[in-house]
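Following: one structure in C-alpha cells, then a few remarks.
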Amino acid sequence: MSPPTAQINASQPVNSFEEICEEIDTLLLSRYPSKTVDDDSSSTSSFPSSTPSDSTASSFRDYTSPITPERVVKFYKEQHEKQTVACVIEKQNRFSSLNHAKMGVWNALELLNTLVDNSDPDTELSQIEHCLQTSEALRRDGQPRWFILTGLIHDLGKLLYFYGAEGQWDVVGDTFPVGCAFSQSIIFPEFFQNNPDYNNPKYNTLYGIYEPNCGLDNVLMSYGHDEYMYQVIKDYLPPEAGYIIRYHSFYAQHRENAYCHLMNDYDHEMMKWVKIFNPFDLYSKSDQPPNIQDLKPYYIELINEYFPEEICW
C-alpha cells in the first residue's frame, strides 16, 4: 500500500527542514559528548553497551573545533524569541485536538520519510532510517519491547511540520520551560533577551508562575514535536515511554540538571529513562543505513502489539 500524502506549506521547503534537523543533531553531538551513566540512573536498565566512547564519538565526525552553521544560530534565535507562554498555550490548544489525520504508525513513518525523500533526494540519512537506527540500537542492547518501540517513534512528532506549524522553531530544537526565568544552561541563552517574557516580572523569576517542585506535568514547555507526539501516544504506551518522548529534547535538564527545583519525585524517577534513552538517540547514527524492508515485518508486529490499526494525529 502506498504511504499517505500530506499538504506541505510551499513557503517552508522540506529540504531546509531536513537540513536543520541534521545540523541540530550535529550541534548536540558536539555539545554533549558521550559520558558515563549518572549515579542516579535506573537500577533496572543501563546505558547501551554499544555507546561510543568519547574518542569514538568524536572520530566519526570531527568536533574538535566545531563551527555552528549560521542557519542553526538563526534557528535558535527565532525559537528563543518566539516561544512565549502565550505562544505555547495557543499551540497546545490547537494541536492537542489531534484532528489533522488518522493513520497507522508505520504509515506515519513512511509519510515523513516520503516527504523528505521527494524534496531532498540527496539526503544521506532519512528520518525513518534515523528512527530505525535508534530502535535497532535499543533492540541489540536487549531493552524492553516498549522501549524499542519508543526509539522507533520518538521523532514522529516532526509530522507537526506539515500539519500547520509556523516554521521550524515550533517543531524541532532543544525544549525548555516557559513562564519562569530562562536558564543559562539552555543553548544560546543570550537570544532570550528579545523574548517578550524575558522582562515580564510574572515570568522572569526562578519559579515564575510555578510552585517549588510542582512537577513537570504542571510546567509549560516550549512547543515542538516532543509535546505533540506525547499527546498522540500517551494512551497507548507505558508512562515511561510517554515521558521519554515528551522530554527527550529537554537537554537543559537531562544533561545540565538546570530545573530540578521544578521537578517532583515522579520526575526524578522518570527522568532516569530519558537519560538512558539519550545515548541511543545521539550516538546510534552510522554511515550504513538500515534495511527498511528487512526490518519492516518485525516493527509492524511490534507496532500492532501496542497500537490499533489507525490512530489520530
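Glycine too: its Cβ is placed from the backbone N, Cα and C atoms.
Copied over from TrEMBL, here are the features:
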- 35-63: region 'Disordered' (REGION)
- 42-59: compositional bias 'Low complexity' (COMPBIAS)
- Arg61, Asp117, Asn118, Ser119, Lys158, Gly173, Asp174, His248, Ser249: substrate binding site (BINDING)
- Ser65: phosphoserine (MOD_RES)
- His130, His154, Asp155, His225, His248, Asp281: Fe cation binding site (BINDING)
In sequence order, the binding-site residues (His154, His248, Asp281) whose C-alpha falls within 10 A of Asp174 (substrate binding site): His248
Extra residues within 8 Å (Cβ to Cβ centroid of His130, His154, Asp155, His225, His248, Asp281), Fe cation: Cys131, Thr134, Leu156, Ile245, Ser249
List of residues, in chain order, with Cβ under 8 A from that of Asp281 (Fe cation binding site) and at least 6 apart: Thr134, Gly151, His154, His248
Ser249 (substrate binding site) and His225 (Fe cation binding site), distance between Cα atoms, whole Å: 9
Cα-to-Cα gap, Ser249 (substrate binding site) vs Asp155 (Fe cation binding site), nearest whole Å: 10
Rounded inter-Cα distance in Å - His130 (Fe cation binding site), Lys158 (substrate binding site): 13
Among His154, Lys158, Asp174, Ser249, the most crowded of the binding-site residues [Cβ within 10 Å]: Ser249
Sequence-distant neighbours of Asp155 (Fe cation binding site) in its chain (C-beta under 8 A, six or more apart): Gln127, His130, Cys131, His225, Met229
